[in-house]
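Participant: One structure is given below, represented as structure tokens, and several questions about it will come after.
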Amino acid sequence: MADNNSTRCDLMMFGALGDLAQRKLFPALYQLERSGLLDSGSRILAIARNKVDTAEARKLLQDKLREHVKPHEFDDALVETFLQRVDYLYLDFTDPDGYGALNEWRGTPEGNLIVYMATPPAMYGVIARNLKGANCCTDQTRVVVEKPIGHDLASSKVINDELGEVYREDQLFRIDHYLGKETVQNLIALRFANNLFASQWDQNHISHVEITVAESVGIEGRWGYFDKAGQIRDMIQNHLLQLLCLIAMDPPSDLSADSIRDEKVKVLKALREITPELMDSHVVRGQYTAGTSDGKPVPGYLGEEGANKGSSTETFVALKAEIENWRWSGVPFYIRTGKRLPEKLSQIIIHFKPAPHYIFDPDQKHLANNKLIIRLQPDEGMSLKILTKDQGLDKGMRLRQGPLELTFSETFDADRIPDAYERLLWEVMKGNQYLFVRRDEVEHAWRWVDQVIRNWNDSGEPPKRYAAGTWGPVASIAMITRDGRSWYEDA
Ligand SMILES: NC(=O)C1=CN([C@@H]2O[C@H](COP(=O)(O)OP(=O)(O)OC[C@H]3O[C@@H](n4cnc5c(N)ncnc54)[C@H](OP(=O)(O)O)[C@@H]3O)[C@@H](O)[C@H]2O)C=CC1
Ligand SMILES: O=C1O[C@H](COP(=O)(O)O)[C@@H](O)[C@H](O)[C@H]1O
């Protein structure tokens, strides 16, 4: 009999031998084992269509764990214990007759049932229907689905409807792995546990916000997926808009999933539409050409393995988003994300307005804005740039900008920051939905992103080129410079 408060579970992993499962999900489950968080009765059924038996599947998983877990965290005995929890089932997900085997594996249910669909989104509805047909789920079953939910608003509605025919919303755990990152969750603590910031968090005190999610990697052999998606669907529709929501939302009344999601949805609904007339001033779209990465030459996007030479898919997007409400009126959110940028770096910069009356050296006026730099990855932490008097008898009242620095690994002596998937799997086991995305969030995000894509398609304009290893097209710098600002560079 399932006890909703217990974390004991039977986890059915569909797509268990695919890239995501091997690279992220099994390593995360192993880390939960290492942390002692996996209930001793929890079991895992790895489901895929590779013709292997359980012993062979365990061997494959062991090899992949060795590849993806840091050597000092890989403990042979513990891996062995972990793999004893895993059974393997060969199944073509489209074959309804195969699903009876899932009930046989479960036997008399003892823990909560978690179904993880690490599969192409087209499979979500198929699996849900087949599980229902085989009476394999109850109304307590928790179902985890990966992003992207669809390709646009219309297709996401189809997927959500298909899932909704079988499961209630409170059974669905839609993953956006950025919400599982410790530093992203920390945005909630930063904003709502520190009155210092809470009282300064609006258009009276903030001039603009920057969000950068830069990757140094290219598309990593994922042409088939990426070329149909592009950076706007792959990153902006989900991760970047979630970050924007967490920065911009009003205080939720409590930490419950729906209180937080309600506030995020209000932000998404308040995003100003980017009409065709606004495209030139508000959106830059780029595609990398050959260049360097980590000092080595790398091909351009059109030179990647499997490339269609005529592709106009974007690998970089910079946007100026505006939120039409009282809190944020007149405060642009400049967001940018791209592949093959100079480094892997995710950070949010809150630029505060200068003091209302400036009395110092006019030549130093450009320094007089406090900035809060929130480093999401790597080197997780934050830094508040404040102004002080320069030291020394000869300096008069010259100003100097310096950081109040909080580097999590040093201050809190954290020996390791858990991967996002560890946190997310653990929350599913506990039945907490607050780090998962509700249907209306997904759909409002698509609605906003779809209009930009429509405008691109209507204009027929190709993406602007940028060399791999640079910060994107020059036009993305011009976009922010026109407003008298610049992308933050730590000096
Ligand atoms: N990989 C990543 O880094 C990320 C992935 N995602 C999402 O996660 C999901 C999984 O992605 P990923 O792991 O990369 O994809 P893969 O194609 O590597 O894995 C999907 C798995 O599902 C199996 N599968 C597909 N159709 C069937 C079927 N009819 N019957 C049985 N097995 C089937 C595939 O088997 P076969 O190999 O035989 O086709 C494969 O093992 C996708 O929704 C993706 O968008 C999200 C974020 C990042
Ligand atoms: O979802 C995705 O995210 C990764 C970036 O994630 P991160 O945790 O490494 O920042 C991105 O590379 C991938 O294209 C996208 O599908």
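Just so it is clear, glycine is given a Cβ too, placed from its N, Cα and C backbone atoms.
TrEMBL does not curate its annotations; it predicts them automatically.
Okay, so TrEMBL annotates it like this:
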- HIS239: active site, proton acceptor (ACT_SITE)
- ARG49, ASP92, PHE93, LYS147: NADP(+) binding site (BINDING)
- HIS177, LYS181, GLU215, ASP234, LYS339, LYS344: substrate binding site (BINDING)
- 13-186: domain 'Glucose-6-phosphate dehydrogenase NAD-binding' (DOMAIN)
- 189-487: domain 'Glucose-6-phosphate dehydrogenase C-terminal' (DOMAIN)
Participant: Filter the binding-site residues ARG49, PHE93, LYS344 down to those with CB closer than 6 A to an atom of ligand 2; keep them in sequence order.
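Facilitator: None, as no Cβ falls under 6 Å.
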Participant: Using CB under 6 Å from any atom of ligand 1, narrow the recorded positions ASP92, ASP234, HIS239, LYS344 to the ones that qualify.
Facilitator: ASP92
Participant: At the level of the C-alpha atoms, what whole-angstrom distance separates PHE93 (NADP(+) binding site) and LYS339 (substrate binding site)?
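Facilitator: LYS339 (substrate binding site) has its Cα 33 Å from the Cα of PHE93 (NADP(+) binding site).
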Participant: Between ASP234 (substrate binding site) and LYS147 (NADP(+) binding site), what is the CA-CA distance rounded to a whole number of Å?
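Facilitator: Here the two Cα atoms lie 9 Å apart.
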Participant: Which ones are near LYS147 (NADP(+) binding site): of the binding-site residues HIS177, LYS181, GLU215, LYS339, LYS344, which have a Cα within 10 Å?
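Facilitator: Checking each Cα against LYS147 (NADP(+) binding site), the hits are HIS177.
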Participant: For LYS339 (substrate binding site), just count the other CB atoms lying within 10 A of its CB, please.
Facilitator: 24
Participant: Using Cβ-Cβ distances, find the residues under 8 Å from HIS239 (active site, proton acceptor) that belong to the same chain and are at least 6 apart in sequence, listing them in sequence order.
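Facilitator: Listed in sequence order, they are ASP176, HIS177, TYR178, VAL213, THR337.
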Participant: Could you tell me the maximum Cα-Cα distance in Å between the residues recorded as binding substrate, namely HIS177, LYS181, GLU215, ASP234, LYS339, LYS344, rounded to a whole number?
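Facilitator: About 20 Å separates the two most distant Cα atoms.
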Participant: What is the pLDDT of the domain 'Glucose-6-phosphate dehydrogenase C-terminal' (189-487) when averaged and given as a whole number?
Facilitator: 94
Participant: Ten-angstrom check, please: count other Cβ atoms within 10 Å of the Cβ of LYS147 (NADP(+) binding site), all chains counted.
Facilitator: 18
Participant: How big is the gap, in Å, between the Cα of ARG49 (NADP(+) binding site) and that of LYS181 (substrate binding site), rounded to a whole number?
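Facilitator: Between the Cα atoms of ARG49 (NADP(+) binding site) and LYS181 (substrate binding site), the distance comes to 31 Å.
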Participant: Helix, strand or coil at ASP234 (substrate binding site), per DSSP?
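Facilitator: It is helical.
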Participant: Same chain only, sequence gap of 6 or more: which residues have a CB within under 8 Å of the CB of GLU215 (substrate binding site)?
Facilitator: THR337, GLY338, LYS339, ARG340, LEU341, LYS344
